[in-house]
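J.: Structure incoming, see below.
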Amino acid sequence: MTAAVFFGCAFIAFGPALALYVFTIATEPLRIIFLIAGAFFWLVSLLISSLVWFMARVIIDNKDGPTQKYLLIFGAFVSVYIQEMFRFAYYKLLKKASEGLKSINPGETAPSMRLLAYVSGLGFGIMSGVFSFVNTLSDSLGPGTVGIHGDSPQFFLYSAFMTLVIILLHVFWGIVFFDGCEKKKWGILLIVLLTHLLVSAQTFISSYYGINLASAFIILVLMGTWAFLAAGGSCRSLKLCLLCQDKNFLLYNQRSR
C-alpha cells in the first residue's frame, strides 16, 4: 500500500513536468542547458534564502513559540522575494546572451524569449517541486504510514497536488514575468510576486486542504490563461494545436519574437 501511495503521489506531482520535459525539451540540447541553468539559479536563490533565515534564527534564538512562527513566515516571504529576484537576474543574463549571439553571428537565429521563459520556468518549477516534496514523498514509504504526526490521511495526496500546482505555476510565472520584462511593464512583475506570495502563504493554513487546493487551482488557471495569451496564443491557434494542424504552434516556433 505504501508503495502505491509513493508512486501515485510521485506521478501526480512530477508526471506533467516529466511529460513537458520529454516532449518539448529533451530533443534539443540547448533547451536542456537553459533548463539546468534555470534550476541552478533557483538553487542559488534557495541557498541565499537559507542563509538569511539562519541568521535571523540565530538573532532571535531562545525566543517563545509565536516568535518562531513569525520567523517561519518571514523566511517563506523572503524566499519568494529572492526567487523572483533571481528570475529577473536570469532574464537579464539570457537577454545579454541573446544580444551577444546576434552581434557575433547576425545570421544565426537566437531562441525566442518566449521559449526561454518557458524552459527557465520549468527549470525553476522542477527544482522547487523536488525540494518541497521529496522528503514528504520518502516518508510515504514508511511501514503502514497513513499520516504524519496525526495529520489527515490525505496529507500525501494534498502535498502531491500542491507540488504539481507549484511546478506549473513556475512555468506560467516565468512566461508572464519575461513578457513583462520584454514590454517593460513592471506592474506585471509585481503581480507575479504577489501571486507567488499568496500561494506560499496558503501553506501556513495547510489543514484546510479543500480551500487551499481550490484557491491554488484557480490561480493556476488564471495564470495559465495569462501565460497562454502572453506567449502569443489565441482561440484559433489553440484549435489548430488540438487538431494537430499547426506544427509551429508556440513553443516549437524558433523564430525570435
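Sequential numbering from 1, following the chain as shown.
Just so you know, glycine gets a Cβ as well, placed from its N, Cα and C.
So Swiss-Prot has the following annotated:
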type: TRANSMEM; residues: 5-25; note: transmembrane segment
type: TRANSMEM; residues: 32-52; note: transmembrane segment
type: TRANSMEM; residues: 71-91; note: transmembrane segment
type: TRANSMEM; residues: 115-135; note: transmembrane segment
type: TRANSMEM; residues: 158-178; note: transmembrane segment
type: TRANSMEM; residues: 186-206; note: transmembrane segment
type: TRANSMEM; residues: 213-233; note: transmembrane segment
J.: Can you work out which residues elsewhere in the same chain, 6+ from the ends of the transmembrane segment (186-206), have a Cβ less than 8 Å from its Cβ atoms?
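T.: That would be 72-73, 76-77, 79-81, 83-84, 88, 158, 162, 165-166, 169, 173, 176-177, 179-180, 212, 215-216, 219, 223.
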J.: Can you say which of 32-52, 71-91, 115-135, 213-233 has the most Cβ pairs under 8 Å with the transmembrane segment (5-25)?
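T.: Maximum Cβ contact count belongs to 115-135.
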J.: Verify whether three or more Cβ pairs under 8 angstroms connect the transmembrane segment (213-233) with the transmembrane segment (32-52), leaving out any pair fewer than 6 apart in sequence.
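T.: Counting Cβ pairs under 8 Å, fewer than 3, so no.
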J.: Counting only CB pairs under 8 A, let me know which of 71-91, 115-135, 158-178 has the most with the transmembrane segment (213-233).
T.: 158-178
J.: Any residues 6+ beyond the ends of the transmembrane segment (158-178) with a Cβ under 8 Å from its own?
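T.: Those are 8-10, 12-14, 16-17, 20, 38, 84, 87-88, 91, 113-114, 116-118, 120-122, 124-126, 128-129, 132-133, 136-137, 152, 188-189, 191-192, 195-196, 199, 203, 206, 209, 212-213, 216-217, 219-220, 223-224, 226-227, 230-231, in sequence order.
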